[in-house]
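Written below as structure tokens is the structure these notes are about.
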Amino acid sequence: MDEQIFEVSPTEHQELPGTLSQLGCAVTRDHFVWMLVKAQLASATATCDWRYQILSCTSPHQCTANGFSHSAFTFGIESHISQSNINGALVPPAALISIIQKGLQYVEAEVSINEDGTLFDGRPIESLSLIDAVMPDVVQTRQQAYRDKLAQQQAAAAAAAAAATNQQGSAKNGENTANGEENGAHTIANNHTDMMEVDGDVEIPPNKAVVLRGHESEVFICAWNPVSDLLASGSGDSTARIWNLSENSTSGSTQLVLRHCIREGGQDVPSNKDVTSLDWNSEGTLLATGSYDGFARIWTKDGNLASTLGQHKGPIFALKWNKKGNFILSAGVDKTTIIWDAHTGEAKQQFPFHSAPALDVDWQSNNTFASCSTDMCIHVCKLGQDRPIKTFQGHTNEVNAIKWDPTGNLLASCSDDMTLKIWSMKQDNCVHDLQAHNKEIYTIKWSPTGPGTSNPNANLMLASASFDSTVRLWDVDRGICIHTLTKHQEPVYSVAFSPDGRYLASGSFDKCVHIWNTQTGALVHSYRGTGGIFEVCWNAAGDKVGASASDGSVCVLDLRK
């Protein structure tokens with residue numbers, strides 16, 4: 001069954017079916033329910049058995065009840081509902097959600113209960129995401145993960161006891177191997193700064209973690225103000241928020257709510273669409289946000305709406321300020337990228353070169369940028385030019401993210417084809433084709449090190465985060481992987497280097513934020529939150545890490561001693 005993308009007007013409340021990556025890879029439960037049921041219908045025969053007929057009846061009901069009339073019609077046609085002998089009028093409201101919730105609870109029980117009815121390993125039932133629940137062998141996989149974790153804890157306890165009785169014992173030096181597990185859970189970083197030295201357990205204590213509550217849905221994105229301790233977050237509740245975390249704040253961590261509204265019937269009403277991208281300008285005075293309602297918006301740091309940018313015909317997946325602060329660049333499901341004048345709010349130029357949704361953008365200079373797409377292509381474009389000045393082709397699946405190195409000479413890209421490629425404007429073919437991950441690579445980040453940076457004496461590195469649950473650190477000059485960081489147990493959605501490049505934060509859907517030493521690959525700090533981690537980011541001082549989560553929480557980790 002072919003997947004489709006429907007263009008939606010920013011002023012209309014319509015559903016947007018499509019592949020998960022075309023939906024910006026921000027996988028919500030509603031998006032996944034759609035894909036789950038469509039997959040079941042696709043595998044059924046034309047004469048569906050009674051289970052598929054029931055799904056066929058409940059799905060249009062669910063769509064119609066939520067105002068998605070177009071989706072209800074499409075579902076009815078694709079599932080041959082007219083051939084069913086079930087009376088749809090007798091199907092109760094929200095039946096589909098009820099069925100899936102009960103199935104989810106059953107799988108959770110399977111994971112956590114032994115055959116004799118006792119709790120597995122004495123653990124309470126742990127909730128699963130919809131994606132987890134349909135994975136093959138989820139019961140065996142999760143139970144084995146519990147056993148492995150218990151074994152690691154026992155080994156760590158034994159090592160600690162041995163160290164306590166042997167005063168001459170010393171920590172390993174953390175050799176440059178590629179397993180990311182030097183020194184286990186008790187790594188001592190070689191760096192001598194007060195901030196990150198670890199003595200004993202790597203777990204961040206509760207008094208060093210602040211959990212910010214306020215969002216009413218998943219928090220997809222977060223970003224620190226480059227000048228002050230203001231943390232911005234964007235959520236599926238159609239709001240962005242600015243949290244004041246400065247020590248001189250009179251009432252603790254205060255929040256400003258930036259409600260994303262659209263004009264409907266002559267008045268402003270909530271857009272009810274996800275806020276999935278945001279970026280501060282270099283001066284820290286303005287915040288740009290991108291939403292699934294098709295609009296980009298510019299806000300002051302005080303939370304006031306300065307401009308609304310409306311020319312995309314559908315959700316916005318990415319947006320970035322240029323360094324000068326006069327232009328904003330956005331990418332959308334409508335296959336285009338747009339350069340906006342930040343002062344007037346007008347579109348300077350729209351670039352319609354991709355043949356499928358554009359997923360990411362990054363500035364090379366103040367007027368030149370690169371964009372990537374589900375069409376597997378990367379275009380480099382310049383303001384005023386009516387065609388790309390360079391096109392890179394070589395990926396064999398959707399290109400999820402692109403990033404220029406600090407000097408703007410090399411462009412890194414990552415893809416669902418499980419490869420990481422390095423490109424140069426001096427040649428058509430990639431400089432390096434890095435193949436080590438065994439699942440899709442979701443995002444990449446360059447270290448703020450090397451020539452042209454504030455850390456010129458440190459080597460330039462590239463970090464990649466994958467759905468294979470690993471993070472890899474690469475020496476791009478040599479084209480080799482120098483560390484594989486393997487502590488996560490679920491897909492890794494975000495990585496971020498500290499301002500000095502000495503540490504890397506990673507966030508995964510296993511609810512954990514890990515802090516790694518980039519020189520040794522050792523784990524130096526770890527925090528387990530209450531939801532899957534979508535994004536991690538460092539503040540300008542390099543002593544705090546922010547993380548946004550799937551349960552609506554935003555956590556701030558204080559890494560000072």
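Even glycines carry a Cβ here, placed using N, Cα and C.
If you look up TrEMBL, you'll see 166-186 marked as region 'Disordered'. Taken from TrEMBL, the feature compositional bias 'Low complexity' covers 171-182. What TrEMBL lists as repeat 'WD' is 212-253, 275-299, 309-350, 392-433, 434-484, 485-526.
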Mind checking how the repeat 'WD' (434-484) divides into helix, strand and coil residues in DSSP? 0 helix, 23 strand, 28 coil
Let's see if you can do this one: DSSP helix, strand and coil counts over the repeat 'WD' (275-299), in that order. 0 helix, 16 strand, 9 coil
Grab the pLDDT values for the repeat 'WD' (212-253) and give me their mean, rounded. 91
